[in-house]
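Notes for the one structure printed next.
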Amino acid sequence: MKAHSGIIPDGDGSRRIIWISFGAFAMFFLLLSRLWYLQMIDTDNLLDQSENNRLRFVPVAAPRGAILDRNGKVLVSNTPSFSVAVIPKDVKDREQLVSSLARLLKLDPKEIQDKWNKGQGRAKYYPLVVASNISRDQMEYLEENRLSLSGVNIEMKPVRAYPNGELASHLLGYLGEVSEEELGNERYKDYNAGDYTGKSGIEKSWETFLHGTDGGRQIEVDARGRFLRTVEETASTVGNSVMLTIDLDMQKIAEQAFGDKAGAAVAIDVNTGEVLAFASNPGFDPALFTGRLPPDKWKEYLEDKRHPLENKALKGMYPPGSTFKIITAIAGIEEGLIDAHSSVDCPGYYKFGNATFKCWDKKGHGHVELRKALRESCDVYFYKLAERLGVNRIAAYAKKFGLGAPMGIGLDNEKGGVIPTEEWKRKRFGTKWFSGETLSVGIGQGYVLATPVQLASMIATVANDGVIYQPHLVKRIVDLDGKPIKEFPAQQVGRANIKPSTFKLIKEGLFAVVNEPHGTGGMARLAEVKVAGKTGSSQVVKMRDSKGEVPYQFRDHALFVAFAPLEKPEIAVAVIVEHGEHGGSAAAPIAGKLLRAYFEGKGVIKKPVSKQEAKGEQAGDAGNSGTTPAAEEETE
Amino acid sequence: MFDRRLFTNFDWTLLALVLLITGFGVINIYSASSSYREIGTPYFLKQIYWTVAGILLCLTVCSIDYHMLEDFAYWLYGAVLILLVLVLVAGKTSMGATRWIHLGFFTVQPSEPMKIVIIMTFARFFSRYPVFQGLTLRDLLYPLALLGAPALLIMKQPDLGTAILVSLIAGTMLLFVGVRWSALATMAAAAIPTIFLGWRFALHDYQKKRIYNFLNPDLDPQGSGYHIIQSKIAVGSGGTFGKGFMHGTQSQLRFLPEQHTDFAFSVFAEEWGFVGCLVMLTLYLFLIFWGLGIAKRCNDRFGSLMAVGVSAMLFWHIVINMGMVIGLFPVVGVPLPFFSYGGTSMVTSMVGVGILLNISMRRFMF
């Protein structure tokens, strides 16, 4: 092999490469000398700086946005809460610190120890919360004893405050620590372990708006980990507020009206789809879920037969009972099977094959036309109509009114209810449809299930002559200064194509329910405003005539759907009282109170001067006035 | 054309050296990013993907005879220059600087390929330019214009780091070609008022601030001097043998800015100490010498100039990045080749290595 002297035309290249190599070497030598200086000579000083006079990063949680009612009244806001954190690296004597913290905070040392162990995996320089939600007194007491507590930090962070207690707890939802699973999700990429996030209700669905942006502080601490000064601070940005369509006053009245009964009430603005009240009773205390939930409280919630943790308005699926007769009647008229004057004779039962379907009134209703059938909720009339319609035609009309599918109200896990068809049954149970089942469907029993939200939207659609607005809970998003960021206007999502004359007939019938003698819904009557509605009682279990008191969980559900005013409807409500037995006596009064509250708010009805409960002087006799009839095959 | 000798002459040493440095880099990125809470693929793994992609690109580059590059040099120069103009006109702004441009389906940052393209352009220019007594001022007119156009465009983005790098690469190549002392002296004399005017009119406030801070970091220890101080503390506290892998307090505490990219060496210095740094510096110096050796052994002027250019590119990246990390130079966003996390840097450096391998294995081809 020949030797390679660079053959570069100008001849000096080779020499210059050597010079350049020298230059490169010199530069590297310079770098190395500097490294020598830093790492071999000045190292003690710099090591000292890195160990003792250290900076710490303290995340600063952004205050969450508030949740407001439609008039800007506060439903959920924030309040400062103090927690105690340790920085494990700065702790000299762990045993001793735990025992003094336990003494100062009057906590069980084991509890502090447990929290400490749980956070063991994380970096030693990150603050680890060992006690949260301490009182202001405890905080001050700790602050005084600061000198003996090295490595302890007191952190202030905003927590949720619920000025109205349990009010609208299901709707608002609660917060919880972001879970391990959520942390791996793209949506939570800016969250750290220990951060709070909405776990249900509005808090969850509107998390992105409410959360805000966390900030952070670089603080300098001394050799014992005590705070010296703030070096750099990135401010947190407060989350935006969510203004609901809910009216605080109506919400209160709705929840109070239930007393200790379980159930749900939904009120909708007929002309916009805005939900004015969204009550599920009983409620729970959302504040309990943010801190440590006392085990006894948890047990109490779980053992309560009324299921306080369940959002009944959204997820409760109930047989709509006689409120469903509205759909059956509309189907009958539209299909040309009945008109205002078609009549049926009700002897109190209907023989179908070798089964007997009873009317809720054993005495029978005699000669029944549509108006009377609705007013007095005659079952036999609707058995016969349902038989002629067949289940598929009934289902088609029910679906036109939004039943059988979630409404998309904007909360997680909304239920869709069930509207059965022959095909549905084949798929679900693999068995064929029996025509007797159609009769049950005609009066809203059997497989039919609907949520309170769906029923409210259904009656609002009737009030609206078929126009369906998207029921929604959020009116707008506003920033800290109250400036609107996003508006959610009324949105028409569909139209039930039904003849206006059909709606007219139905509305007359529904008006009769509330306002005529023998009407089942007299307890929802208002003197100043024309209310139209329909009662319902839906069977929970099939029972043969049983004797004596029926156990709570087997009693019928009481339902009532209504709208008002008759001519120019503004508001629609749906009320369900679980195991309330009779729609007319248990649910209608609640609807009446809600409607009254609405019209009082509008100034249409004058508020009573004395706090005298406006007692309906009527009680539209019918079978609802108190005598407990034995549970029927099918009830009113 | 494809010759068995190409395989026999393949420069395994160079490739092994690069892979060794990259390996240290990946290990270091693993530690540097361990305190991050990550979503998706971890950085060190992504760096491995980039390395694989880079090597494939590198092998592609060295499979084409570099002499063909001579014909393309000016075309490439023109194309990248147009892209640089387009960036200023219709670029995508991120973090206050406009460096990227959308080309329909992907985005490019044309200042990065300019580093390679300026090497090719200068190599092309001087391979046919007779120089006897060194370049005079007159001779420098064309090359300085070739350099000035992209350098100013890049500075305008503003991306001072890349503009300086491109200039330093070109400058090193000029020195290799040979510049007369008289010309150097004149330029030095002209540089003083230029620097003054540049300071007054061309530099952005944040760039001035960085230089101020570099000159006196203690003036504003919480502001932009912070990075320099924290990095110095990290490096110095490493001592002789370092704090150990994954045990660097400065880095695990996230005091260092961009510690997996521009300040990756700071993490390394803290965890591996002076001994580790000495090893890295030796490896890098070996790499540069190897590149210059390729230039020296090359039989044609174009190849020789290219090898010097690529060596200069790697060299200046290393010096500026390390100088910044240890507080010798101001903070400019220049990555450490094969060591800092990032696909762009990896691709550019690997293309450079591809060119070196290309020249190295074809040195007997005449």
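Just so it is clear, glycine is given a Cβ too, placed from its N, Cα and C backbone atoms.
Unlike curated records, TrEMBL annotations are generated automatically.
Per TrEMBL, the features are as follows:
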- B:12-31: transmembrane segment (TRANSMEM)
- B:43-66: transmembrane segment (TRANSMEM)
- B:72-91: transmembrane segment (TRANSMEM)
- B:135-154: transmembrane segment (TRANSMEM)
- B:160-177: transmembrane segment (TRANSMEM)
- B:184-202: transmembrane segment (TRANSMEM)
- B:272-293: transmembrane segment (TRANSMEM)
- B:305-332: transmembrane segment (TRANSMEM)
- B:338-359: transmembrane segment (TRANSMEM)
Residues of the parent chain within Cβ reach of the transmembrane segment (B:43-66), under 8 Å, 6 or more residues beyond its termini: 1, 22, 25-27, 29-30, 32-33, 36, 260, 302-303, 306, 341-343, 346-347, 349-351, 353-355, 357-359, 361-362, 365
For the transmembrane segment (B:160-177), sequence-distant contacts whose Cβ falls under 8 Å of one of its Cβ atoms, 6 or more beyond its ends: 111-112, 114-115, 118-119, 122-123, 126, 129, 131, 135, 140, 143, 146-147, 150-152, 154, 203, 207, 295, 305, 308-309, 312-313, 315-317, 320, 332-334
Ranked first among B:272-293, B:305-332, B:338-359 for CB pairs under 8 angstroms with the transmembrane segment (B:12-31): B:338-359
Surrounding residues of the transmembrane segment (B:184-202) on its own chain - C-beta under 8 Å, 6+ positions past either end: 137, 140, 155, 208
